[in-house]
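Peer 1: Below is a structure I'd like to ask you about.
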Amino acid sequence: SRMPGKKVCIVGSGNWGSSIAKIIGSNVKASNRFHPEVNLWVYEETVDGRLLSHIINTQHENVKYLPGHKLPRNVRALPDLVEAVRGTELIVFVVPHQFIGGLCEQMKGHVKEGAIGISLVKGLDEGPDGIRLISDIIREKLHMDVSVLMGANIASEVAADKFCESTVGARTLANGLIFKELLQTPNFRITVVEESDTVELCGALKNIVAVGAGFCDGLGFGDNTKAAVIRLGLMEMVAFAKMFCRGPVSSDTFLESCGVADLVTTCYGGRNRKVAEAFVRTSKNISELEEEMLNGQKLQGPQTSAEIYKLLQKKNLVKEFPLFSAIYQICFQGRDVQDFITCLQNHPEHM
Ligand SMILES: NC(=O)c1ccc[n+]([C@@H]2O[C@H](COP(=O)([O-])OP(=O)(O)OC[C@H]3O[C@@H](n4cnc5c(N)ncnc54)[C@H](O)[C@@H]3O)[C@@H](O)[C@H]2O)c1
């Protein structure tokens, strides 16, 4: 008899979590390296008077966060996190970043010895010296090896099985390769690289740039301006990664899907761009718009800009990162959005 396959738990069932559940549910059936059933932890809520976990288990559809797509029947929704994680060896973290710390606290002591994780979370958290990677929070709290997956992967398109690429960043290559096997499909192509921190930072920082792209759209600028925002944003992403990462940061990583490709897709599609455009066109603040436009989905760009700005201030580097800084000040400090263009005109890249 063969070894029992590794069981997967997906922690989170929003728009991206549900899309990735579709892929995982189908892939585990095709390989005897994985257990044929998948646990999906669901943050319980009621939708039209019914429990979301119950809807998922009976209709096989996350009607709130991924309507119109069936989930494979071997994906089982569980509202109890401890129960969902029990006995599983591959843990996929895919929740908005503000919830990760609390969820890891609940999981402490319940994760199987030797289990490994992968974070699909795009964002950063506050740490003692400024900022902390989400994967580091998971490593510290749960003492497990954690890879990351980031890329040009707007969830609705992945759920519709439209071709795209993605990047796995792995501290331990063998573990990155296990997750590649779990997640790759003919239309979801994965490259594994070993510069995990750079990959993760790309995923967090691109959301700030997307807010800038949304400002340009709101102000009525064109494609050339947006291309400049993307390029200058990329330069700041590279500079920031070089400053922040302890390990090596190579330009090659930015050429993977997690770098340029995710930046481009987020600056054209993506919820951060959309809300930032509305921010310019209406007089509403960011949290009002998040509430109004996103149906329970969370925004990452503005909050990430706040975390980065605090660190830049502390290190006296605000002037070296004018685009990141202006985006924060416009979102939260009432700086005039027209100043965003002034900041592009005076970017140190041209001086
Ligand atoms: N949606 C995308 O296109 C996409 C693509 C790639 C990466 N990501 C990243 O994936 C991560 C998850 O995003 P998403 O799109 O799956 O989520 P989402 O924004 O669609 O949904 C929000 C989720 O948070 C849950 N939630 C609400 N309150 C909570 C609480 N108090 N505790 C725990 N969970 C709570 C909700 O149940 C829901 O599952 C984010 O970091 C995001 O940047 C998203």
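Glycine too: its Cβ is placed from the backbone N, Cα and C atoms.
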Peer 1: For the substrate site that TrEMBL assigns to Arg271, Asn272, which of Lys112, Lys122, Lys141 is also named?
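Peer 2: Site partner of Arg271, Asn272 for substrate, according to TrEMBL: Lys122.
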Peer 1: If you measure from the Cα of Phe99 (NAD(+) binding site), which of the recorded positions Lys122, Lys206, Asn272 is the nearest?
Peer 2: Lys122
Peer 1: What count of other C-beta atoms do you get within 10 angstroms of the C-beta of Lys122 (substrate binding site), across all chains shown?
Peer 2: 27
Peer 1: Which ones, of the recorded positions Gly12, Gly14, Trp16, Lys206, Arg271, Gln300, have a Cα no more than 10 Å from the Cα of Lys122 (substrate binding site)?
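Peer 2: Lys206, Gln300, listed in sequence order.
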Peer 1: Could you put numbers on the helix, strand and coil content of the domain 'Glycerol-3-phosphate dehydrogenase NAD-dependent C-terminal' (198-341), residue by residue per DSSP?
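Peer 2: Output for the domain 'Glycerol-3-phosphate dehydrogenase NAD-dependent C-terminal' (198-341) reads 110 helix, 0 strand, 34 coil.
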